[in-house]
Structure formats: C-alpha cells, structure tokens
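Colleague: Residues or ranges marked as ATP binding site by TrEMBL: Gly94, Gln95, Thr96, Gly97, Ala98, Gly99, Lys100, Thr101. The feature coiled coil is assigned by TrEMBL to 351-378, 659-693. Annotation comment: TrEMBL describes 500-510, 536-546 as compositional bias 'Basic and acidic residues'. According to TrEMBL, the feature domain 'Kinesin motor' maps to 7-342. Residues annotated as region 'Disordered' in TrEMBL: 484-574.
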Amino acid sequence: MDAVKKRVRAFVRVRPTDNFAQDMIKFGPDDKSIDISIKKDAKKGVVNNKQTDWSFRLDGVLHHTSQQLAYETVAKELVSQALTGYNGTIMCYGQTGAGKTYTMTGATAEYQHRGIIPRAIQQVFQATACSVDPCVTVRISYLEIYNETLVDLLSTAPRGGSSEGPMAVVDCPQGVYVKGLSIHTVGQEEDALHLFFEAGETNRVIAEHTLNKSSSRSHCIFTIYIESRSRLFSDVKCINSRITLVDLAGSERLSKTASEGHVLKETTYINKSLSFLEQIVIALADPRRDHVPFRQSKLTHVLKDSLGGNCNTVLVANICGEAVHVEETLSSLRFATRMKWITTEPVLNESHTHEGTVKALEKEISLLKQELAVHDSLVNRSLVSYDPLTDSQIAEIKSQVHKYLKGAIDEIDVVNVRQVQEVFQQFRLIVRQQERKVEARLRSKYVLIDKTDFAAVAAVQKAGVVDVDGHLVWEEDGRDLATRAAPYSPRLGGKRKPRKGSEQARKERIGSPSSARAPDGVLPSRSQEIISTKGLDVKEGARDQDAADADAELSTAAPVKASQRPSSPPPKPVAFEQFKEEGGSEISRIFKDNKSILLARKNRSKSVVHRINLIKREMEDVQRALEAQKQERWQQGEYVDEEGHTIIDEKEFLLIMKLKDLKEEYRSGYAELQGLREEIQYCQQLVDQCRNKLISEFEIWYSESFLIPKDVQEALKPRGNIRPGMIPINRVMCLEEDEQERFERMQEMTLPDCPGSVSFYRAKMRSDQKHTYARTMSALRQMRKKPGIITAARKNKPLTFLCVT
Ligand code: ADP
Ligand code: MG
C-alpha cells in the first residue's frame, strides 16, 4: 500500500492558572493560533531591536480543556488508526510543571482526570471487546530514561533493571527496540492499568524541584503493542502496531531552576537530550538533510521510529500561562512549530502469514472434527474415524473391492468419504491394470491398426485381411470367418470370470447359432401354411471339398520351425490353408465331418418340410370337398337312423377317412421335422464350436509360428503347459491376484539371503491376514528397495511368474 505523507500534528495545552498573563498570551478565535507579546524592556533604552511579538499556528490550542476533550482532540484518532495497523506516537513536551504528566497520565486519583495513557488503554480494550475476531493480543512496556540510563518500569527485577543484563537500544531491520525491556501481555484493561499505575507509584524517579514538587526528572515512554489476527477463509491477516506515549522530562533551562549537585547533573542530561531532540526535529523537518543523528542520545535513539518513522505523530506542547514562564512558553511553542514541519509516512503494519494460515486451518479442522464427533454421537456412529486411512485400512478396502468384483460380496462397506475415495481409487487401479493386460494380450495376438489411419487400413484391405469395419476376414467355407481385429478400446466390462478351461472359454466366444423355432402346436394353423426353410442353409459344406486326412493331434500341433520362419508373416488366408494341411488337420477334418452330418440333416429336413407342405395342401383340398358334401346333404335333407345318427353317403365317408389319414401323416411328418430340427441345432453347435476352435487354434499356431519371439516362448516353457496364447484366463488371474502365493514364493527365494526380513514379513502377514494384497505388495516393494535381495532373487531364480502378466 502506498504511504500517504502526513505532517506531525502539534497542539498546545495551557496549564490553568490564576495568574494567566492575559496581556501577554492571546489565543486566536479558531483556537488554533496563539500570540505572545512581550513589552519592550525599558531598561534597554529606546533602541531595542529585540522581537516582542510572536504568532504560532498549531493544530489546536487546548485552554481550559477537560481531559476527555484533550484526549479526543489529541489521541482518539491516532489510537483508532493504531487498531487498524498504523503506529502512533504522542509526545508531551514542555517545562517542568506545565502539565505533561497530567496530560499523559492524568491525576490517577480521579477517573475523569485520567490522562491519555489510561484512556488509550481503555479504547484499545473496548475495541477488542467489540471485535468479531477475538484473536487480539495487547501488550505493554514502560521505559524510563534517566540520566541516559534505561530503566524498565514494569520489570519484576529490583529497581527496574533487566534480568537479561544491561538494557540497550538496538537497531534492527524491523526497527529500533530496547533489548531487555519487559513486555507484558495484558488480557484486560484492568491488568494493564494496574501495571501502569504500580510502575508510576513505585518506580518512577521523581525529584524534588523548586518548580513542582512531583515533576519528573526523566523521560518516560509507555508503549501499547497491539497484535491482531483476523481471518477471511484461509487467509490470515496479522496486524502489528504500537502506540508510543512519551512524557518528556522538563525542558526548562538550567539557570532558572537553581539546581545543584546531582539535580544539576540530571538537568544537564535532560537539557542535553532535549537539545538533541530538537536537533533531530530540525533535521527531520529539513528534507535536504539525509543524515539524522538519532544515536546521539538514548531518547532520540529510542524514538527513532516514532519520530521520523512511518507513524502518526502528535506533539502536545504543555505551557504555563504565567508571565514569568513566557521564555519557556516561547521555547516550547517554537519546538511545537518545528515538529509541525516534520512529515511522516504512516504505513499499515499488516502481514499475511503462512504460519498463521496453517494454524487457522488446523484450528478449523479440529473444530470440524469436534462437530463431526457430536454429529456422529447423535446418530450412533461414534466409532467412525475421519483420520487419513492407514495402510491396513487401504488394504482392507482393496480386498473388499476385489471380492466385490469377483462377486464374493454384494456390498462394500463405506462409512466415510475417505473410504469412498479409496474404493474408487482401487477400481481405477484395477481398470488400468486390465486395460494394460488386454492391450498386451491383443498385441501379442494381433497386429493392431489404428482405424483412423486410413493408409494403413487401405493397405491391409488391399491385402484382403480386413474389411471396412476393421474385421479380419477371409472366406473359408462360404461363411464369413471373421475375427475382430480388435482396435484398442479402454472400455471394459466387469471383471471376467476365470475360465474353467479352454473349451468353456471358447463357448463364451461362440455366438448363439441361428435356429428355427418349433411351432407351438403339432397341427398346422393358417399361419403355418408354408413352413419356412429359412435357417436350413444347404450351402454348408457344399464347398467343403478339402477334408484333410492328416491325423496329427491338435494338441501337438507344432508351429513352423524357427529356421523355416519367413522374415515377415504370410497373409492369414494363405497361412490358414497351410495350417489346415499341418497342425490343424484333425480339427479341420472333424469340422468337415460335422458339417456333412449337418448338411445331411438339413437336406432331410428340407424334404420333410416339402412333404408336410404337400400334405397340408391336400388336407385343405379334402377339407373343402367335405364342406361341399355337407352342404349338399343339408340341402337335400338328412337321413337319420333309429338311434338318431345322421346317415352319410359313401363319398363323404371316404373324404372323412382321407382327411384322417392326411392328418396322421401330417403329425408324423411334423414330429420327424421336430426331431430333425433338434438334431440340426445340435449339429450346428458342433460345427460352430469346431469352427471357433479351428480359428483359435489357427491364431495360436500363427502367433507361435510367425509372431511370438522364440526367446519368449522359451521363457514360458518351464511354467508347465502354459503356451503362448493358450494361457488359461484362470491361470493368469490367479497369478495376478493371489498375492499370498506370490509373497510366499518371494520368501522362498529371499530366505537364504535375508532371513530376518522374511521372518518380519511373515510375522506381519500372519498378524493381519486380511491385508493380503496391499501388505504383500508393500512388502515386495520394500524388498525390491533392498538391492541385495532383488539381485539375489533375480540371480538365483528369475521372477518368471511376473513375466506372465
Ligand atoms: P509536568 O509533568 O509537566 O512537570 P505536571 O503534569 O506534573 O507537570 O503538572 C504539574 C501540576 O499541575 C500537577 O499538580 C497537575 O495536576 C497540575 N496540572 C497540570 N496541567 C493541568 C491541567 N490542565 N488541569 C489541571 N491541573 C493541571
Ligand atoms: Mg511530569
């Protein structure tokens, strides 16, 4: 904030007297000027050049002014400013007995005559009490400078000394301070006043003096330090200010006091320091002076910041109204005028402390925790903790998330927001792991092409490997034998169930074969006039001319030898033909056999359908003829036998018999069709399974033969019957999830090198069996951090199980 330049304000206060020199001292009508007029000294003759009239313009003349008005005029605004962060200094200057102490301290016996210091204390505490922010600290100190000696008037040590050795005025970047001066925190007005009064009674040096029996012979500086912290959200604003209230020793000249002995010495000191003060004031008032000799006396040094600094400064020149003191009065008014020339630049002593912010936030957190505790106890949730989750709690959540994904539990227990966040975190981790795994699996199996990379897609289309949708395609037996080129997709469903075996896994990948549905009833209705032959695809197997005779077992289907490997993999349609000749011959043969059976059933079914349709049409013809016969009978009149039965003719009888036979034939035909359809459905499934098996085995064969590097295949061999591309999902999942097993394996590996750590981890594991996952991972991480262990583990037994994931 830019400082605004201000002039020091100066007031004059006249001590009431019965002998007021009315003819000598005159006040201006606005109470801001004072005129002094001295009659010419007749003794000095007619020629007398000595000035006899002076006029002083000040900020106010306090004449017959109450303590209350004097305070309001001189101090109130300055104290208010101090409460907002501006330092302030009020200084009383004048000859002994002129009323400096009365102005500053007042008559301590009576409340209404109390001076600036008690009133300032009161104003500060009243403001504190009204403040919305209770974080205000008020401290006080009381320094006396007597014969160039610093005395702590609030010291508890004997005779106002300092317990930390001799006191000293010290300059530091933050300003001048008195080393060893005690500063007392006062919680309330009463305490501050009590200290102040006590100091005044007991400590202050007062010398008997011809002018005034109880006038002080020392300079006294009472300081009120205000420190307030206010908070707006997390921003903590600290205000540090002080009010310096100075009661100077009498400024009278030596000659007048007729002092002797040590009083003379006192007077000498006083005069010296005051004349230094005067020099300082003159220097400060002169903008061309760059050096101000503050250090010349203790008084000027202590007042360095208060006078020339960045504070509000007010001077009260106390004068006596008697003619006899006119010289001193003139001197004091001159001093006041000079003070008015000084300009200061009050600055706001405000800081935003990080430490303060942290403290405020800590306070806020503890308050909120208390609130939560109250809330929880009201709703019977007293056991809920809101502290950050521990490792074991995180592990528990992780375990629950895994169980939830497996379907072992239906719900995950959460009682606070931290847990909810951790659950989501765990889901995210799992999803990321799955993404990486799926991508790795796809990459090991497919050459992934970015669908938006049109050049690459076009090149592959040209080679006849993918269709426009990015599907790998080639014609095998008249149907699209399509396998997804599987463009990378981060979307994943829930966790996949571990596969029981490759057979079941393949079933999962098989789409439901299209199958004709059986009609609800056995007898045909109108809607079943023509039984559809849709789905009875007779194309199956029509192009099935290449049934292989090879009897190689599929499980032993050997990949193309490394030495025979081409530098780049052949197109899949070409490789597929090769596969059918070699490793895939058996499955290919079974596939073809199944297809021929299917085809035979379908052909049979088709002929049955055809026959049924013929029967159906014949039945309708007979039905129509029968109807016509009945009509004719009714028109000609019916014959009835003795028992009342209608007698029909032979033609009608034959028609009825024929219809009965046709219905029987229809029923048996339909039953045969039903049986055939079930067979076809079953055969269709077999064929589809065979087809999928053929494709997947081909993919494996193709990967082994042309894509997976030889060394990777070698690395995987020792792990039993795991074959690249054939790793059952449950094996992979097991390896990934069973951290207990992994940990135990790790223990076995590290045991010879670091048994102590293993026992530790084992004990840890046993102690908390719930935390399998996170704890083991943490243990593994710890072990990995130890170079010896990991080297040994890698050297002795490679972590092959990690290679699988
Ligand atoms: P100083 O401190 O300047 O030596 P004091 O404050 O001790 O002078 O005043 C001397 C005497 O004059 C005291 O008894 C004080 O009560 C009295 N006095 C000074 N100023 C006033 C005033 N404005 N009204 C009433 N009494 C005053
Ligand atoms: Mg005094």
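For all residues, glycine too, the Cβ spot is worked out from N, Cα and C.
Note: TrEMBL annotation is automatic and uncurated.
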Colleague: When the Cβ positions of the binding-site residues Gln95, Thr96, Lys100, Thr101 are compared with the atoms of ligand 2, which fall under 6 Å?
Modeller: Lys100, Thr101
Colleague: Can you check which residues sit near Ala98 (ATP binding site), meaning Cβ under 8 Å from its Cβ, same chain, 6 or more apart in sequence, and list them in order?
Modeller: Arg15, Gly250, Asn318, Ile319, Cys320, His325, Glu328, Ser332
Colleague: Please list residues from the chain of Lys100 (ATP binding site) whose Cβ is under 8 angstroms from its Cβ, counting only those at least six apart in sequence.
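Modeller: Lys100 (ATP binding site) has long-range Cβ partners Cys92, Tyr93, Gly94, Asp247, Leu248, Gly250, Val316, Asn318.
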Colleague: Could you tell me which three-state DSSP class Gly94 (ATP binding site) falls into?
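Modeller: Where Gly94 (ATP binding site) sits, the three-state DSSP reduction gives strand.
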Colleague: Let me check the 10 A CB neighbour count of Gly94 (ATP binding site). How many other CB atoms are there?
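Modeller: Cβ-Cβ neighbours of Gly94 (ATP binding site) within 10 Å number 29.
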Colleague: Would you count the other CB atoms within 10 A of the CB of Thr101 (ATP binding site), including those on all shown protein chains?
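Modeller: Other Cβ atoms within 10 Å of Thr101 (ATP binding site): 26.
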Colleague: Note down the number of other Cβ atoms within 10 Å of the Cβ of Thr96 (ATP binding site), including every protein chain shown.
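Modeller: So the number of other Cβ atoms within 10 Å of Thr96 (ATP binding site) is 25.
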